[in-house]
């Protein structure tokens with residue numbers, strides 16, 4: 001048997017749902033999708049859900065992962081085994097841990113490939129900081145997986161599809177975290193997963209102010225701006241949501257233009273699926289040139305304005 005009898009899908013990030021649904025179609029005969037509102041439910045049915053389970057009644061101060069109890073109860077009531085697919089977001093991983101405990105299921109995070117052999121999930125994901133790919137065969141009846149972005153293609157909606165809708169009512173867990181305050185995060189995040197062209201900056205750009213040069217190039221060619229992990233987490237020059245690498249974004253654009261990025265394996269794991277990689281770095285021995293299809297050795301601060309002017313013609 002090369003499919004599960006059923007799969008359960010949930011995404012706290014609506015933009016990740018189409019990819020998870022496409023994966024679900026390949027892995028199971030019946031697709032169940034947990035959603036938070038009617039709009040997401042309608043989308044899930046168009047993407048292939050046979051049954052939609054609307055999670056309802058959570059107090060505003062409680063967290064999404066507190067639905068884990070009623071989600072696990074629903075899953076158990078409808079089969080003695082099954083596959084659970086979640087995005088590898090922070091909240092997705094929190095929910096995965098709680099579901100794993102309640103279902104007595106193995107949990108595998110950041111899956112980059114999933115298949116079914118003899119009714120059991122086989123999962124591949126990066127290990128040793130991206131230096132190798134590990135393969136796990138999950139032996140428990142239930143398997144809970146968080147999926148890396150780009151693992152599956154995106155499912156296309158079909159308005160003619162139909163499905164059944166159910167309601168799952170909130171039940172307060174015995175132990176829970178209560179939200180006491182919410183502070184809006186200053187962010188200009190974009191959906192980089194869908195970007196066709198990406199300009200990504202590393203610390204070789206020199207300063208936060210110099211990132212404006214990359215932004216001008218983005219405007220000239222219609223690209224989105226990304227960065228390396230040190231730019232986001234060490235220097236705090238850009239938002240966390242924009243960094244590319246094994247522990248965050250895994251991109252597959254048509255063009256990935258790496259500016260001042262050394263090309264360490266942890267970063268390239270998130271970029272080497274790009275159709276074309278173009279590198280700009282003043283160090284001719286930078287590892288990035290081993291991955292690049294095209295490269296320029298030189299100072300990015302001088303090259304970017306000239307490149308922008310040429311491409312804007």
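Every residue, even glycine, has its Cβ placed from backbone N, Cα and C.
Listed in Swiss-Prot:
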- 255-283: FAD binding site (BINDING)
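In terms of local Cβ density within 10 Å, 259 ranks first among the binding-site residues 255, 259. Around residue 279 (FAD binding site), taking its Cβ as the centre, 25 other Cβ atoms fall within 10 Å, counting all chains.
Proximity of residue 283 (FAD binding site) to non-local residues of its own chain (separation of 6 or more, Cβ distance below 8 Å) is seen for 204, 262, 297, given in sequence order. With a 10 A radius on its CB, residue 263 (FAD binding site) counts 22 other CB atoms from all the protein chains.
For the recorded site, residue 263 (FAD binding site), the DSSP three-state label reads coil. Of all the Cβ atoms in the protein chains shown, 27 others lie within 10 Å of the Cβ of residue 267 (FAD binding site).
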